[in-house]
Amino acid sequence: MTTSFYFLLMALGLLLYVCQSSFGNQHTRNSDTPKYRCGSEIPNSYIDLCFRKRNDAGKKRGRASPLWQRGGSLSMLKARAKRNEAFHLQRAHRGVVEHCCHRPCSNAEFKKFCG
């Protein structure tokens, strides 16, 4: 009886794993789904999307990103976003605030504002 119980338990676990891996991604959000970015989300997205490749390359060589070396840069970006300034993230007279806060934009659209 215990062998059949363990077999049934393993089969149930395998079935749950297969169902989750097959159907589990239906309700997850695609990373490039357009979304609204306002306030402090703008500098956070800017740092994440524009400096991710540079930071990953620096990690491979053991160097930190220049933004992390200067601790004040991150807080400066966040402070500017709180004051609703469209700082240096502008493209052809349309700032990132107008483009991604007033209507949703994808990661690919946001990366166009990387300088």
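Using N, Cα and C of the backbone, Cβ positions are placed for all residues, glycine too.
Positions annotated as signal peptide by Swiss-Prot: 1-24.
Annotation comment: Swiss-Prot describes Pro34 (among others) as 4-hydroxyproline. Listed in sequence order, Pro104, Cys105, Ser106, Glu109 are the same-chain residues at least 6 apart in sequence whose CB falls under 8 Å from the CB of Pro34 (4-hydroxyproline).
Per Swiss-Prot, the feature 4-carboxyglutamate maps to Glu41 (among others); the stated evidence is similarity to another entry.
Sequence annotations record features per position, and here Swiss-Prot assigns 4-carboxyglutamate to Glu98 (among others). In the three-state DSSP reading, Glu98 (4-carboxyglutamate) counts as helix.
Of all Cβ atoms in the shown protein chains, 20 besides its own fall within 10 Å of the Cβ of Cys105 (disulfide bond). If you look up Swiss-Prot, you'll see Cys100-Cys105 marked as disulfide bond, on the strength of similarity to another entry.
If you look up Swiss-Prot, you'll see Pro104 (among others) marked as 4-hydroxyproline, on the strength of similarity to another entry. Of all the Cβ atoms in the protein chains shown, 13 others lie within 10 Å of the Cβ of Pro104 (4-hydroxyproline).
Around the Cβ of Glu109 (4-carboxyglutamate), 15 further Cβ atoms fall within 10 Å across all displayed protein chains. The annotation 4-carboxyglutamate is assigned in Swiss-Prot to Glu109 (among others).
For Cys114 (cysteine amide), the same-chain residues 6+ apart in sequence whose C-beta sits under 8 angstroms from its C-beta are Tyr46, Leu49, Cys50. Annotation source Swiss-Prot lists cysteine amide at Cys114.
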Including all protein chains shown, what's the count of other C-beta atoms within 10 A of the C-beta of Cys100 (disulfide bond)? 23
DSSP-derived class (H/G/I helix, E/B strand, else coil) of Pro34 (4-hydroxyproline): coil
Could you find out if DSSP has Cys105 (disulfide bond) as helix, strand or coil? strand
